[in-house]
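Asks: According to Swiss-Prot, the record shows the following:
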REGION    1-21  region 'Disordered'
REPEAT    15-38  repeat 'MORN 1'
REPEAT    39-61  repeat 'MORN 2'
REPEAT    62-84  repeat 'MORN 3'
DOMAIN    222-344  domain 'SET'
BINDING   Ala234, Gly235, Glu236, Asn304, His305  S-adenosyl-L-methionine binding site
SITE      Tyr253  site 'Histone H3K4 binding'
SITE      Thr274  site 'Histone H3K4 binding'
SITE      Lys325  site 'Histone H3K4 binding'
SITE      Tyr343  site 'Histone H3K4 binding'
Amino acid sequence: MDSSDDEIACDEGDYKGAKDDNDLPHGLGKVKFSSGDEFIGAFEHGIKCGPGKFHFFDDSTLEGNYVDGELHGIGIYTNDDGSITKSTYCEGVMEGPSWEYDPEGNITFRGQYSEGVRCGLCFYYFPDGGSLIGNVNASGDLSADNIAYIYPDRTTALIGSFEEGDMITAKEANVTITGEKGEEISFPTVNSISPDPVYRLDVSTPHVISTRPLVPDPYESELVYAAPSKIPNAGEGLYAKCDVDQDTVMAFYNGVRLKQDEVENRDWSQNSNTISLTDDIAIDVPEEYVSTDNYCASLGHKVNHSFDPNCRYDIYQHPRFGFIKCVRTIRGVSEGDELTVHYTYEHNDGNKTREAEAPEWYKSQLKVFGVDRPAEILENMDEDYC
């Protein structure tokens, strides 16, 4: 977001535009620099003065108003992916309020800058609905002893010590946030805080699902419970504890992290609680952890399949489990309803399922479901529910 090169002589770049009697840029013009950057804007006797916009070689841009050659006031930096940083500048340096947005226009950061470094109370927003709130340190990092991770319900929190945004130790709290998302005016008011358990960053490995497998997630515990499924031969299922709206995160899907090649090369009987996380990594809940007597840190693996689901899988950046999947509603769900997702095993032309792409129980259900169902519905399921 550099706004330098404030004095521009004609021989410093390829300049096109109005000039003064001394052959300096004066009025509207455009300069192409040897770096590949380009500036279009207003000049006064060789100095940027007035509205202007940098077009950088990496396809990002920076626009705003220039005073005596320096960006002053609101400047808008647009990355090549469409994400935006809207900041206050003083003499070319970020100084004051700043906002950041993802390519879809959702806010991802709000806070303050001093001499180009983040300072004071800052708010970090994640696309899954969670957020981090706290005072950054002198380096602008979210490293302190009073940081709050806020769950999507904006009342359940984990408050404690964080290092560069990673949770070190934290306790469950009930909080009140003043102001809508993106417009909060202060650190959350803590209504109550539990003395235990203490939560820590606990990202799984290929061999360890959790160092504390019997410590449940406080947010998930308020929304769901496991009980025998109403679906025949499905074992346990997951049920809603209360009425919830569409697009509500209900449960988290943590597990050991395996390579996709390993998962794809083993028998389907070993993949009953396995889900893809990325193109390379899958999450798996091994058989010994299926029972809540042995593992209840997350319950997303309890959600069963349906061709008419009320939920879908989504990604989630969890303060304890790291990057995982979650279960999110696709319509309103009532208290006592069983949560279901579409497992999205690959299939083609109506009732025909690729033999190598789905377990037998799924192929049997698909044959039943496929009767009198338009082929295009089946073909589009993966796009609708994954």
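For all residues, glycine too, the Cβ spot is worked out from N, Cα and C.
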Asks: If you measure from the C-alpha of Tyr343 (site 'Histone H3K4 binding'), which of the binding-site residues Ala234, Gly235, Glu236 fall inside 10 Å?
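Replies: Near Tyr343 (site 'Histone H3K4 binding'), where near means Cα within 10 Å, there are no binding-site residues at all.
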Asks: Quick one: of the recorded positions Ala234, Tyr253, Asn304, His305, which has its CA closest to the CA of Thr274 (site 'Histone H3K4 binding')?
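Replies: Going through Ala234, Tyr253, Asn304, His305 one by one, the closest to Thr274 (site 'Histone H3K4 binding') is Tyr253.
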Asks: Neighbourhood of the S-adenosyl-L-methionine site (Ala234, Gly235, Glu236, Asn304, His305): other residues with Cβ within 8 Å of the Cβ centroid, in order?
Replies: Ser229, Ile231, Gly237, Lys302, Val303
Asks: Would you find the one among the recorded positions His305, Lys325 whose Cβ has the most company, meaning other Cβ atoms within 10 Å?
Replies: Lys325
Asks: Cβ distance under 8 Å to Ala234 (S-adenosyl-L-methionine binding site), same chain, sequence separation 6 or more: which residues?
Replies: Asn304, His305
Asks: Using the alpha carbons only, what distance in Å do you get between Gly235 (S-adenosyl-L-methionine binding site) and Lys325 (site 'Histone H3K4 binding') once rounded?
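Replies: Here the two Cα atoms are 21 Å apart.
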Asks: Summarise the model's confidence over the domain 'SET' (222-344) as a mean pLDDT value.
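Replies: Within the domain 'SET' (222-344), the model's average pLDDT equals 95.
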Asks: Whole-number Å only: compute the distance from the Cα of Tyr253 (site 'Histone H3K4 binding') to the Cα of Lys325 (site 'Histone H3K4 binding').
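Replies: Just about 5 Å between their Cα atoms.
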Asks: At the level of the C-alpha atoms, what whole-angstrom distance separates Glu236 (S-adenosyl-L-methionine binding site) and Lys325 (site 'Histone H3K4 binding')?
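Replies: For Glu236 (S-adenosyl-L-methionine binding site) versus Lys325 (site 'Histone H3K4 binding'), the Cα atoms are 19 Å apart.
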Asks: Let me check the 10 A CB neighbour count of Gly235 (S-adenosyl-L-methionine binding site). How many other CB atoms are there?
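Replies: Other Cβ atoms within 10 Å of Gly235 (S-adenosyl-L-methionine binding site): 12.
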Asks: Going by a 10 angstroms cut-off between Cβ atoms, which of the recorded sites Tyr253, Tyr343 has the sparsest surroundings?
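Replies: Comparing Cβ neighbour counts within 10 Å for the recorded sites Tyr253, Tyr343 gives Tyr343.
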Asks: Around Thr274 (site 'Histone H3K4 binding'), how many other CB atoms lie within 10 A of its CB?
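Replies: The Cβ of Thr274 (site 'Histone H3K4 binding') has 20 Cβ neighbours within 10 Å.
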Asks: So how many other Cβ atoms are close to Glu236 (S-adenosyl-L-methionine binding site), meaning within 10 Å of its Cβ?
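Replies: Other Cβ atoms found within 10 Å: 17.
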